[in-house]
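Peer 1: The structure's right below; bear with me while I get my questions together.
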Amino acid sequence: MSRIVADNSISPARDHPAAAFYTMELNHLQRGGGGATESPTLGQLLKRVGDVRKEATGDGGETPVHQVLELGDVSMEPRSLPFVLNFSNLTYSVKVRRKLTLSSVFPRRRDRLAAAATASEPVPGESLFTKTKTLLNNISGEARDGEILAVLQRIAQSGSIVIMSVHQPSYRILGLLDRLIFLSRGQTVYSGSPVSLPGFFSEFGHPIPENENRTEFALDLIRELEGSPGGTKSLVEFNKTWQSEKKNNNNQTQNQSSEDSYQLPSLSLKEAISASISRGKLVSGATNSVVDPSSSSMVPTFANPVWTEMAVLSRRSITNSRRMPELFGIRLGAVMVTGFILATMFWQLDSSPKGVQERLGFFAFAMSTTFYTCADALPVFLQERYIFMRETAYNAYRRSSYVLSHSIVALPALVFLSLAFSAATFWAVGLDGGPGGFFFYFLIILASFWAGSSFVTFLSGVVPHVMLGYTIVVAILAYFLLFSGFFINRDRIPPYWIWFHYVSLVKYPYEAVLQNEFEDPTKCFVRGVQIFDNTPLGKVPAAMKLKLLDNLSETLGMRITKSTCLTTGVDILDQQGVTDLSKWNCLWVTVAWGFLFRILFYFSLLIGSKNKRR
């Protein structure tokens, strides 16, 4: 039971009957107790105080649970409060349920990495830290003397980094801390162990008294120096000298320990923090581990293997995608609307010269649409750029892991979009090839989505702004379509622009679908009088066309009737200049373009994100 001291036994309520009193239950704030019985609430404790007051004053009235004295009453005379409560080691717990938003949480453990948390779902494994962090808010230093700080110490000893602010730390708290830093006007006046505080200030010429609180003495001295003309400059300079001497002494001790063994030199605080974050475990400022002097780094660069990083980054990307399904829904809707328009516009094309021209237009528009649809991948990395730079600054994961996971996560969506677009257009337009032709059509659509997504992702790593990126993407894709061979055949492209024809991303899927459609040598697209279509003679009567065919037959020395096949699919491929690569080679080249741009994206991250924290 806490000690209760009676300071004034005169009840103000009796002296001033008009004084206002209110009753308030405080059952939500319980006093911690380790006994088997339930501990009394603070309200019940105050009621007991009232019982003691009644015994002292002889008041027989009923004691309210909690009395609040209105000091604003003008009729009250100034006097001390009737009772003073002195709780020795009062401990209590506060449960606060709140939703936290953590932009990036990466506890570097070898067994797992936590995904980034948003406001709706906290990070698994971070609940203990979150509750402890909430519990420490607005609690005085004395209240932290109990089990809370002991729990934090165990968390720190397990390898996590615990940073907390303490108001008036007691001797027990100082005994649990590993390192203290005193700052004065932005400059370090002390950095070291709490145990070294007496020796430091003794050497400075201001020894700490035996029964004096070390931190309070240090703060008072720093405040006194700040008010002096010279300020804390002398203390700052002394700290630098003291740190240098301490480091030299540590190095001499290490050199004298063994001539055959090599030991790690002392790490500064900044180096220790960097090493701790990199390893996922705390690294002491003075390490005695034996290492090989030829080692290029004192600590492992990355705490986790590549596959672990890829798994965590992939899970984080999938989680973010699941939380924003409208993005994929809008992209799928755009693809389906485009497929529906194309299917209804080019519905069941026939095998005529006009049908051939319409097929060429359909293929050019369909292939370019797949690339333009991938422009939505541009803002993905631009929005994650600063998160990526912050996380890789301390080697939270490899850039290659980020690129690979980004590519793996993008594939399922591309497969679904490709299947939806292929199914919506292949049979509706009346394309040739049957199930085998549909399968290749699906593969080349998927390869186009892959190459387009990789190209846009690479640009997102180079271009810093979204609007500028969209402008560049639209312009370059228009150039790719211009030099693809649809508007002008390869044989007609000027020599100084022919190189652009071969680097065009639209060229290879466009030629692949053309070969998939017109590769059958037995399928005829121009018969007899259809040879006059799309010419000035196309409007003459059919009888006149037959006479022209007869005259043409006599001239050529071969029989040409209205059913004679004059142009096959192979002839159309020759007319379009699609003869340099097979359809499967065009497929592999398109896929290779996708991998090339992913590699370029990696190098753009490697070059453009060298922002190591200093």
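Just so it is clear, glycine is given a Cβ too, placed from its N, Cα and C backbone atoms.
Automatic prediction, not curation, is the source of TrEMBL annotations.
Quick paste of what TrEMBL says about this protein:
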type     : residues : note
DOMAIN   : 167-225  : domain 'ABC transporter family G'
DOMAIN   : 310-518  : domain 'ABC-2 type transporter transmembrane'
TRANSMEM : 328-349  : transmembrane segment
TRANSMEM : 361-382  : transmembrane segment
TRANSMEM : 403-426  : transmembrane segment
TRANSMEM : 438-459  : transmembrane segment
TRANSMEM : 466-488  : transmembrane segment
TRANSMEM : 587-608  : transmembrane segment
Peer 1: Could you pull out which residues elsewhere in the chain have a CB under 8 Å from any CB of the transmembrane segment (438-459), counting only those six or more residues past its ends?
Peer 2: 366-367, 370-375, 377-378, 380-381, 406-407, 410-411, 414-415, 417-419, 421-422, 426-427, 431, 469, 472-473, 505, 509, 512-513, 516, 583, 586-587, 590-591, 593-598, 600-601, 604
Peer 1: Could you put numbers on the helix, strand and coil content of the domain 'ABC transporter family G' (167-225), residue by residue per DSSP?
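Peer 2: Secondary-structure composition of the domain 'ABC transporter family G' (167-225): 29 helix, 11 strand, 19 coil.
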Peer 1: On average, what pLDDT score does this prediction assign to the domain 'ABC transporter family G' (167-225)?
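Peer 2: A mean pLDDT of 82 is what the model gives the domain 'ABC transporter family G' (167-225).
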